[in-house]
Structures are given as C-alpha cells and as structure tokens.
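S.K.: What follows is a single structure, and I will ask about it in a moment.
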Amino acid sequence: NWSGSLIVASLTGAFGSSFLYGYNLSVVNAPAAYIKKFYNETWERRYGFSVDESTLTLLWSITVSIFAIGGLVGAIIVTPIAKFFGRKCTLLLNNVFAVTAALLMSLSLLAGSFEMLILGRVIMGVDAGISLSALPMYLSEISPKEIRGSLGQVTAIFICIGVFTGQVLGLPEIFGQESRWPFLFGAIVVPSLIQILILPFLPESPRYLLLEKHNTSKAEKAFQRFLGKDDVSHEIEEVLAESRVQRNTKLVSILQLLRMRAVRWQVITVVVTMGCYQLCGLNAIWYYTNNIFSEAGINHETIPYVTLSTGAVETLAAVFSGLVIERLGRRPLLIGGFGLMIVFFAVLTVSLTLQNTVHWLPYLSIFCILAIIASFCIGPGGIPFVLTGEFFQQSQRPAAFMIAGTVNWLSNFAVGLLFPFIQAGLQTYCFLVFAAICFAGATYLFFVLPETKHKTFHEISQAFAKRNKVTLEMQEMNHYPGERKSSAEQESNFTSSLDNGESKKGIV
C-alpha cells in the first residue's frame, strides 16, 4: 500500500539527492572539449602561453575524479549529521552543498576561474556522499517491510534518470554548445529547490523519532502519514520490540560496529556488495561507448544521440528491478545481475578483439554494452543500498552507511585512477578483469547472502545469527555491551513516558 505521503517523500527525496548524483556522473561528458578550451584560454590569459597537453590532461582528470574525493568526505560526515538533525533534515541541509556547487560551477566561465569549477565538483561530491547514505537510510525507515525493496530501488532509478537527463541536456540543441555549457551546471539548483519546497511538509523518519528521539507521539503521526491509516499500533509495537533492546543506548561508532561479532557477516557482505558495485566495470563501459559506436560505423555527429540509448536502457532496467524486487527478492536479482554481466563481458571481449575481421561484430559489441548496463541496473545497481538499510539495527545504521559509503567512494576513485593503466596494459582483455570481479562477488553472495524480502530487521538479524556463531540472545547483548538496561527497567521507562503524555494511552 503506497500512501500519497510515501510516494511524495520517496520521489522528492530522490529527485534532490540520488538524481543529482547520476546527473553529475554524466554532465561533464558532453562539454568536455569546451571546458578544456576554457582551461587553456584561462591559462594563456594568466601566464601568457598555452598550457601543455600533459598539464591540461591532469587538470581535466582532477576535475572528473575529484568528485569521488568529495563523495568520500560526505560519506564520512553523514553519520553525525544524520544523528543530530535526523534523516529528513539531513537531506534538506544537504541542498546547501548542491546550490553552492551549482553557483560556483555555472559562474566559473564568467569569472574566468577554472578553480571555481574544480571546487564546485568537490562540493558536489560532498552532496552526493551525504545523499547516497541519508536517502537510503530515510527510505528504509519510512517504508513497510512489504515494499521496502521497491521503495529502496527509487534511489537507483533516480540515479539512472539523472544520468539520462545529463545526456539529454548535453545535446548540441540544448546546452551542449560552447556558450551554453555553464547552464548544464546551473540546472543543478532546480531539483534542490523543489526538494526544499516540498520535503519540509513531510514527516521525519518514524523509526528515528521513536528509537533515537523517544518521541512516541510524533512517531505515531509519522507512521499514520506514511502508511495512510489511523491504526498503527502494530507498527509501533514492531519497532518497540527493537526499542526494548536499544532504548537508552548510544549511537554505535564505526569501530564498535567493526568489533561486533553479532554483525560481522553483515558488515563483510556490505563491503563486498559495495565494492563490486563500483569495481564491476560499468565505468569502463562508459569509457568505451563512443569508441565502439564509432567502430560500428555510426557518424561522429550522431553518436551523442545514439548514446542516449544507454541512459534509456539503464532507466528502464532500474524501473523493472523496482517492480519485481518484492516478487523475486534481492538475492536472485543481485546474483543474477552479476551472472549476466559475466556472460556479456566475455562476449564483449571476443567481439572487440575480432571486430576488425568480421563486419557485423561491432553491432554485437553495441548489444553487449546495452546488455551489461541492463544487467547492472537490474540488481547490482541499487540493491546494495537496500541491503545496507536492511542488515542493521537503528543505532548501527548510520555507522553502517558510513562504512558502505567509504567503500563505495574509495572504489569509485580506484577505478578512475587505475582503469587507464589496466586498459593500456590489457587492451580489450581488460573486461576479463571485471568479469572476474563479478564472478567473485556472485560466488560470495550465493553462499552468504540470505533473502531479506518481507522480513523485519529482527528476522534478518536471526538469519545471520548462525553464521556469526551467536545465539539471538547473545546477539542482542553484543549490540550494546555494558550499556543495555534490563527488560523490566526498559518497560518501566516506556510506561512512564506514556504516562507523562508522550503518546496516546491505547498504543501499547
């Protein structure tokens, strides 16, 4: 049951967050030549001579890759922000970074400063790092368990829509011209302003209100808005079952989470899935796309329009995943997605190696590119974010997303740094490296990952208890060693809070 508030919250949250991440991945591709020309003209105006080719390449590489450094910073600082301000307010405050970055990048040409563009990319990366942790956290906490996977896929869907939008706006008829490229970066303010206007009228995460702020009255109202019904006693009681373990405990730090035996395999699984998410080779696909299209005989002026097919396939595959995830489950989509990528990477390697000998093989390469993109978006493209929100208890979740975000952005940066050397050394065989990574990830997930669809957070913890070699009772004790109150004391405290008017009497 999708209530109006749930739909608006997910769409608005994603439009001002994950959409911008996807948009900024693709937006620099179309105006690359014009931006490099701007760098050269600025250098010549300052120093009286043109910049040499190696320095220009270095400046451009920094412009593109520094986005990941900003993302790493955002992933590191998101935990204290989300704890202090809450999930919704974190998304709102994050727009300060987006608007600041948009102004710096869009005004860089007018100011004659390429440093403004680079600084704007860093700040935009911080925005992306925060949003890719805060948004899945918010969506996982406001959704019923029956649709938690579908709602979580909204993050991936809007990343794909953002990539596609960046490709469309970069066409020569729109902003893909020398005089108009700053508008590509100025457009970032539109999703941010829409989120600022709508999100304040929606509730905060009810789980955050109940478990971290201990405000039962507001939590009940938030549940009523998001679930679209008046009687939310079952949902309140379900969360309180977790609250009895976590009430009056401190937020778990990263070091504490890493030391907890009770969540050891959850942490390892998140690290593996997030690492494979970035290292599985999709960035390499984007690198090869124009070259493969050119080898297929497509006119150079037509390539930007044909490239739109990659963004369209990506978006359709993500939407398909969101529609079927609650039927098929996380496990088949994730493992199946990696499995299909292995097959198409192998075929692509053969096709690229032999394409000069057989005239129709370049078209097979195009098909493989689209198939790899679709396979990625069906599972690996969004499910890692869903799993990170599902694996951990409330007070562990911010630290878990910080770990996931750190792995995500470090892997992103590593691909950008190492791929040119891999490609130079292995040529078309570089895709076999990514096929091996996909195989390793799929094998691990086949043996370790339990199915989490339609399960409560408590049931998911039980699924990992045996592998972590702890009983459920030990698992609960190990969540917060030395800080947990007795069950009787917690019940007494909660009853007292009800008597003091924090909630309606009929909830328990």
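Each residue's number is its place along the chain shown, starting with 1.
Each Cβ is built from the backbone N, Cα and C atoms, and glycine gets one as well.
According to TrEMBL, the protein has these features:
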type	residues	note
COMPBIAS	489-500	compositional bias 'Polar residues'
DOMAIN	10-453	domain 'Major facilitator superfamily (MFS) profile'
REGION	480-508	region 'Disordered'
TRANSMEM	58-79	transmembrane segment
TRANSMEM	91-112	transmembrane segment
TRANSMEM	118-139	transmembrane segment
TRANSMEM	151-169	transmembrane segment
TRANSMEM	181-202	transmembrane segment
TRANSMEM	267-288	transmembrane segment
TRANSMEM	303-325	transmembrane segment
TRANSMEM	332-354	transmembrane segment
TRANSMEM	360-387	transmembrane segment
TRANSMEM	399-420	transmembrane segment
TRANSMEM	426-449	transmembrane segment
S.K.: Would the transmembrane segment (91-112) and the transmembrane segment (426-449) count as touching if the test is at least 3 Cβ pairs under 8 Å, pairs 6 or more apart?
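M.R.: Not in contact, no.
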S.K.: Using a Cβ cut-off of under 8 Å, list the residues of the same chain at least 6 residues beyond the transmembrane segment (399-420) that approach it.
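M.R.: Same-chain contacts beyond the flanks: 64-65, 68-69, 71-72, 74-76, 78-79, 82, 129, 132-134, 136-137, 251-254, 256-258, 266-267, 270-271, 274-275, 277-279, 283-284, 287, 384-385, 388-389, 391-392, 430.
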S.K.: Okay, the transmembrane segment (332-354) and the transmembrane segment (426-449): do they have at least three CB pairs under 8 Å, pairs separated by 6 or more?
M.R.: yes
S.K.: Counting only residues 6+ away from its ends, which parts of the chain sit with a Cβ under 8 Å from the transmembrane segment (360-387)?
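M.R.: The answer is 132, 136, 140, 148-149, 152-153, 155-157, 159-160, 269-270, 273-274, 276-277, 280-282, 285, 288-289, 292-293, 295-297, 309-310, 313-318, 320-322, 325, 330, 333-338, 340-341, 344-345, 347-348, 351-352, 354, 404, 441, 449, 452.
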S.K.: May I ask which of the stretches 58-79, 151-169, 332-354 has the most CB pairs under 8 A with the transmembrane segment (118-139)?
M.R.: 58-79
S.K.: Using a Cβ cut-off of under 8 Å, list the residues of the same chain at least 6 residues beyond the transmembrane segment (332-354) that approach it.
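M.R.: For the transmembrane segment (332-354), the nonlocal Cβ contacts are 273, 276, 280-281, 288, 292, 321, 324-325, 361-362, 364-365, 368-369, 371-372, 375-381, 383-384, 428-429, 431-432, 434-435, 438-439, 441-442, 445-446, 449.
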S.K.: Express the predicted model's confidence over the domain 'Major facilitator superfamily (MFS) profile' (10-453) as a mean pLDDT, rounded to an integer.
M.R.: 88
